[in-house]
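J.: There's a structure below that I have some questions on.
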Amino acid sequence: MASGQDKTHIDYAYELDITVKPDSRVPVFNREFATFTGAGVPLFSLGGGPIRYALAEVLAKFHARRGYYVVETPIIASTELFKVSGHIEFYRNNMYLFDIEGHEFAVKPMNCPYHILLFLNEVAKHRSKLPLPFKVFEFGRVHRYEPSGSIYGLLRVRGFTQDDAHIIVPGGRVIDVVYDVFEEMKLVLERLFKLGVSSETFKVRLSMSDKSLIGKEFMGSKEEWEGAEEALREAASRINEKYGIDIVELEGEAAFYGPKLDFIMMVEESGVSKEWQMGTIQFDFNLPRRFRLYDVVREEFGIEEVYIIHRALLGSIERFLGVYLEHRRGRMPFTLAPIQFAVIAVKTGGEVDREIEDLASSIAKGLLDKGFRVAVKGSSKTGLSSDVRHIESTAKPAVNVFIGAKEVREKVLDVRVFDLESMKRRRLAIAYGDAADAVENLAAVAEELESPVRSLSGQAPRIPADFSFML
């Protein structure tokens, strides 16, 4: 096992049982897991499932509360869809194509063509009653080809999930919409993940086309690209004016359909400065033309200009988790932690041990019934230090609850809550009358920890599990 200083996100993901380690062996077969899953396709494990489902729930409700329509689209489509969108012409080498009964299909590399079809369907049914801007959100799975040599852990994969949304917006409102998306990104990063968004931690990269390759690698005309890039430059300037976040420009890094703002997190780790790309906001003037949105919107809404904003607040969920695990050294916010409460029964070898065990068991069951992910660990006075070191270096629960003879006698629980901002545990003394009272008081601690999440999505997700075997 790597030391704390040498650990990568792969080590942390394995310790927390978030993912299966590809090079570990499958029992009986004596072959690596990657032999069966394939390179670049992460297999999320028991600790990773709750993270993904909880994150999906928070993000879906957050977006719904902000006027997005939550959708789900198929994983495959006829290549006729991707011919219209331009993916076959400009993105074919990054796609997985296959034949079904003589017809060519593709595993979707992006969600945008499907989202545009949904808009066209709603316009056909409801015409100008449909609101503009029209916003759809999907916690959507996509697949893109990556050379085997570039695949690495969760950071570079072939199959990944995006917190993906598309906004169909009249031309005069593009800059306001782009700025609003940045504010949404800031809310999610700060309230759910405790990541400060400031001039010290973030910068904005305006990724532009290479004008010499327009028509070859980038769709559209030079004039369209220059207009779109200027609109994003103005939106980025507004972000800079309010938050002081620096803007850099990079030629040739745009998407094939339009320029984009990429948000780069800067972190200092072991004296080494690292930059990680997080979310993205992309300006698209090509797909509206290819799907004839200009004609539809002009006819139904009387609007001459319409564009599409592609945006992902976190980007690739897999990549984001990899970066976050490395940055936070395996610590997760309470809402997403695989183990939210670890109940540690510290036995003494005396008659009180039965009371200690009964109380620990009752508290764990009560927390589980309330929807929390819980683990119970039996320990002793002599083995406690070793057990705590093991727990903190592997499972890393969000909250540790210690129950020993003193806690039983004095009716006060010894609770240690991990704080992501200080990266230390803070100690709480939680008084209780009986086990049910202890459960309610611990649930109140959880509600306080989840308060920022509730401000995003209205409520905190509850995905219970008994993970005692992990300790």
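Placement of Cβ uses the backbone N, Cα and C atoms for every residue, glycine included.
Feature list, courtesy of Swiss-Prot:
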BINDING   Cys112, His166, His310  Zn(2+) binding site
REGION    8-333  region 'Catalytic'
J.: Pick out which of the binding-site residues Cys112, His166, His310 has the most other Cβ atoms within 10 Å of its own Cβ.
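T.: Per the Cβ count within 10 Å, the most buried is His166.
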J.: If you take the centroid of the Cβ atoms of Cys112, His166, His310, the listed Zn(2+) site, which other residues of that chain have their Cβ within 8 Å of it?
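T.: Apart from Cys112, His166, His310, the close residues are Met110, Asn111, His115, Ile116, Asp164, Ala165, Ile167, Gln282, Asp284, Leu287, Ile308, Ile309, Arg311.
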J.: Quick one: mean pLDDT on the region 'Catalytic' (8-333)?
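T.: Mean model confidence (pLDDT) across the region 'Catalytic' (8-333) is 93.
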J.: According to DSSP, which kind of secondary structure is His166 (Zn(2+) binding site) found in, if we only use helix, strand and coil?
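T.: Its secondary structure by DSSP: strand.
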J.: Does DSSP give His310 (Zn(2+) binding site) helix, strand or coil?
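T.: The residue in question, His310 (Zn(2+) binding site), is strand (DSSP, three-state).
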J.: For Cys112 (Zn(2+) binding site), which of the three DSSP-derived states applies: helix, strand, or coil?
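T.: The residue in question, Cys112 (Zn(2+) binding site), is helix (DSSP, three-state).
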